[in-house]
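Notes for the one structure printed next.
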Amino acid sequence: MNGTEGPNFYVPFSNKTGVVRSPFEFPQYYLAEPWQFSMLAAYMFLLIVLGFPINFLTLYVTVQHKKLRTPLNYILLNLAVADLFMVFGGFTTTLYTSLHGYFVFGPTGCNLEGFFATLGGEIALWSLVVLAIERYVVVCKPMSNFRFGENHAIMGVGFTWVMALACAAPPLVGWSRYIPEGMQCSCGIDYYTLKPEVNNESFVIYMFVVHFTIPMIVIFFCYGQLVFTVKEAAAQQQESATTQKAEKEVTRMVIIMVIAFLICWVPYASVAFYIFTHQGSNFGPIFMTLPAFFAKAASIYNPVIYIMMNKQFRTCMITTLCCGKNPLGDDEVSASASKTETSQVAPA
């Protein structure tokens, strides 16, 4: 084995020279230079400074403007809530530990940080699954004239939390475990060891199949069918140009969210899968640190995409920030065709 395994950690560094110490008790400066830990801390500070206000603003603006409280927006707000969990439960912890060069909060703090990071990522993934299914059902209409209403949105939100907890909670109760990863300043699922005492191998397989592969299959199937249906409807001119434009803009926004999710999380999932399937292989701490910290940027991109691509929300946000006045006028609101409301596109 090219790393050093302890009772509740795995350091990707051989202890042949005797320098490896517990990441819960000693600085890990033998893994990387102190300035590299400082860079991680600066990065986490940036995510906190950007992630909190933009996600909080998303929630606040929706509460202030009743017209934004549409069923589809419930799912988008669910993403903002999950991102705030990551900011407060994970980012603040990682900022502090990076400044100290090791995970100063011990195994309990590691469990909490790993739980919030996993929970936030899984809520985002399953929210995208619900959005994909909503787009598929509404646009492709496999169930006749189905309308995505408030009750469906609430059930969708509940579903995302149940599935996310089904992934994030087991390591807290003995099925797998959370351990420091990479440079030992943030925590995640143990992909590094088989650890039969906690049935780690079965959990990692379960996680990759149920909480990554299946969601990806559902998302790609739904959008594959959706693209085909929209093209057919446009070719047959079954709906007005305004309706088609609105559907395309909403669908485009959700697809971009999926692409952004893949960009942030696929590198982390790929590296984790490689480490798990190549037990004992030689890799350095940076190998896992970079994709792990890059994935944390997911807390920022969803609200940014939503604000940039939804004129109605953007106008409401400007009105809120300007104390009820819109310096751009009301034309943008009336002209907006990108409202996230129930689709009326007919089946092909």
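Cβ atoms are placed via backbone N, Cα and C, with glycine included.
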Mind checking which of Cys187, Cys222, Cys264 has the disulfide with Cys110 in Swiss-Prot?
Cys187
Compare the topological domain names that Swiss-Prot gives for Leu68 and for Cys140, and report whether both residues sit on the same side of the membrane.
yes
Looking at N-linked glycosylation site as annotated by Swiss-Prot, pick the matching residue from Asn15, Asn200.
Asn15
Model confidence over the topological domain 'Extracellular' (97-110) (mean pLDDT, whole number):
96
Is the transmembrane segment (253-274) in contact with the transmembrane segment (74-96), using at least 3 Cβ pairs under 8 Å (sequence separation of 6 or more) as the test?
no
Treating G and I as helix alongside H, and B as strand alongside E, what does DSSP give for the topological domain 'Extracellular' (97-110) in helix, strand and coil?
9 helix, 0 strand, 5 coil
Per DSSP, what is the residue count of the topological domain 'Extracellular' (275-286) in each of helix, strand and coil?
5 helix, 0 strand, 7 coil
